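Here the structure is laid out as C-alpha cells; the discussion comes afterwards.
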C-alpha cells in the first residue's frame, strides 16, 4: 500500500511537471465538494493564488469546477450528473484549464466522473403485447423489449428474469456490442381454446448494492394459424448522410414481403427505439417503411446511429433488420478565439519575446474541418507562439518604439490582424481584437532648435532686460518630456550677469554691462528632461558700445 501511494504521488508530480493533472470524483456530489489539491500538486503557495491571478476556465457553457482561493482546492461548482454529460461514452472525463496569469502558464486538468448506482433499469414501454399463432412450435423465440440503465459497470443492467406460466421461458442473447437482448422462448405448445391470453412479467436488474430493478408486463395473445412471416429485402441497411441534411429528408426505405394472403400478408413496420433521442431524430412510416429525418443532425453530438426495425403481419409473425446511419461532418462551426489573459500595457523598452496575451482557439468540427491555422499580421511587431494544446501566446517580435506608433491593434478581419482559419470547405474563420498600449521609456533626450545662438545687447541695457527665449523639444511623453533649463559650466562673471528661468527657458540680464570691461559673453545652456537626459547649446552675447564716457585730457 505504501508503494502504491508513493507511485501515485510520483505520477501526480510527473503529470504536474508536464502541465497535466488528473483527479476523479463520484457523480451527484453536492456543490463545493473536494476534487483535488491543485495548489499542493502544482507546488503553488496559497498567497500566490491570489497575487498571480489564478483561475479555472472551461470550454462548455456550464462551469463544473472552481478553485477555492483560501485552500487551493479544486471543488465542484455544480452537481454533476454523469449520465447527462457522458451518455455515449464509457469513461466520463471533464477537462478544464488552470491559468496562472502572473506566470502566463496553463495547466490541463482532467477529472473522471465515476458512476454511482443512481438509476434503475427501465423499459421504454411499461406493457408490451405479443400476438402468437397457436401453430407455432415450441422453441420459437420472440424478441422482448430491452431495458435501459444509464449507469456503467456493475451499476448498469446485468440480468433479466421472467415470471408467468409454464408455456414460456426466458433466453438472453449477447448483441454485437456485448449488450443483453432478452427473448421469449415458447416452452410448451399453445392452445387458443385453452387460453387466449398469457400474462407475463419481465424484470431487469442491475449489479448495484443495493440492486435496482425495473419491470415490464408482457401480454401474449394467441391467434389462429399464420404460417408465413414477413421477410426483409436486406438483413442490414446502411446509409451515410451529411449533418446539414434538411429536416424531413428521406434517408432510406426498408421493405419486407409476406407470402400469406389477406390480413396475414399485410406488413407493417415499427422501430425498436433504444433511446428517446433516436425517436426524436428519426421517424419510420408504419405503412411504407420510409425512414425520414425528424430533427437536425449534429456530427459533434453523434457520429452514427444503429436502429432495429421490425416488419410484422397481422398474425404477429415478424422479421427484424438493422439500420446503420453514419453522420458525416460538414464545416458548420467557425473557429472561436477567446482571450484568456492579457497585459493592458507594455513598456516600449520590453525585450523581444515578452508575452503580451494568452489566447484559446477552438473549432468544434472534426478532421480537416477542425484543423485551425492561426496568424497575425506582419505589419505589427508581434508574433504568435504555440503554448499548450489549443492555447497560443502573443509575444513581442522586436523592440517597440512608442514614438513611432503608440498603440497596436491586434485583430483579424479586413484591417484587423489576428485570425484563426480552419481547413474545411467552405473555409470558416474567427477573429479577436487585442489592444496593447505601449508606455513611454525615456529614450529621447531634449533637442534645441539650434546648437549656437547669437544675440546683441547695448551696454546700457537695464537689469531685467530679455536676452533670449530658449526652447527645446522632447519626443517622449509625461514626466520624461518635461524640460527644465539651466546653465552649464562657465565663468562666475557670466553667472553674475545673467539668469535663466528653469521652466520657460527665458534668459534675462541680472547686472549692468560695461563694454569697456567685457565685450562678449559665452553662455553654456542646458535642457534636462524628467528622466535625466540633457541637451546643450551655446548662447554668444555681444555687448555693443554706447557713448557713456567723456574724453579725458
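Every residue gets a Cβ built from N, Cα and C, even glycine.
Here the structure is a predicted model, which means the values were calculated and not measured.
Marked as domain 'Cadherin' by TrEMBL: 64-123 (among others).
Residues or ranges marked as domain 'Cadherin' by TrEMBL: 124-232 (among others).
Broken down with DSSP, the domain 'Cadherin' (233-337) shows 10 helix, 47 strand, 48 coil. Residues or ranges marked as domain 'Cadherin' by TrEMBL: 233-337 (among others).
Across the range of the domain 'Cadherin' (338-448), the DSSP-based residue counts are 4 helix, 52 strand, 55 coil. Feature annotation from TrEMBL assigns domain 'Cadherin' to 338-448 (among others).
Residues or ranges marked as domain 'Cadherin' in TrEMBL: 449-553 (among others).
Marked as signal peptide by TrEMBL: 1-19.
A contact between the domain 'Cadherin' (64-123) and the domain 'Cadherin' (449-553) is absent, since fewer than 3 of their C-beta pairs, 6 or more residues apart, lie under 8 Å. With helix defined as DSSP H, G or I and strand as E or B, the domain 'Cadherin' (64-123) counts 4 helix, 27 strand, 29 coil.
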